[in-house]
Amino acid sequence: MKTAIFTVVLALAVFAVLSFGWEANEKALSEGFTELIHEKEAASETEARECRYFWGECHDHMPCCDWLVCRYKWPITYNICVWNRTFPEK
């Protein structure tokens, strides 16, 4: 009986150590992924957009793209760019 209890306690200790190692590895991966996302986000912010895209917030100083129009939609409390039922010419 003592051997069985000792084996169970030892197995639980091994599982605890393995899960701690897995958590540390997962945290390192998530930090690396977060850094990568922030780098991509910073790179995209440097590019100036000349128009707002679909469902983007729009005002007079932030116009929508050519195939979109700025409209007020009820559940949203600000104007958004919606499709004006035309297609952009290439």
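Note: Cβ is positioned from N, Cα and C throughout, glycine not excepted.
Marked as signal peptide by Swiss-Prot on the basis of sequence analysis: 1-19.
Marked as disulfide bond by Swiss-Prot on the basis of similarity to another entry: Cys51-Cys65 (among others). DSSP assigns Cys51 (disulfide bond) to coil, not to a helix or a strand.
Long-range Cβ contacts of Cys58 (disulfide bond) within its own chain (separation 6+, distance under 8 Å): Arg52, Cys64, Cys70, Asn79, Ile80, Cys81. Sequence annotations record features per position, and here Swiss-Prot assigns disulfide bond to Cys58-Cys70 (among others).
If you look up Swiss-Prot, you'll see Cys64-Cys81 (among others) marked as disulfide bond.
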Three-class DSSP assignment, Cys65 (disulfide bond), comes back as coil
Row Cys81 (disulfide bond), column other C-beta within 10 angstroms, all chains, value 22
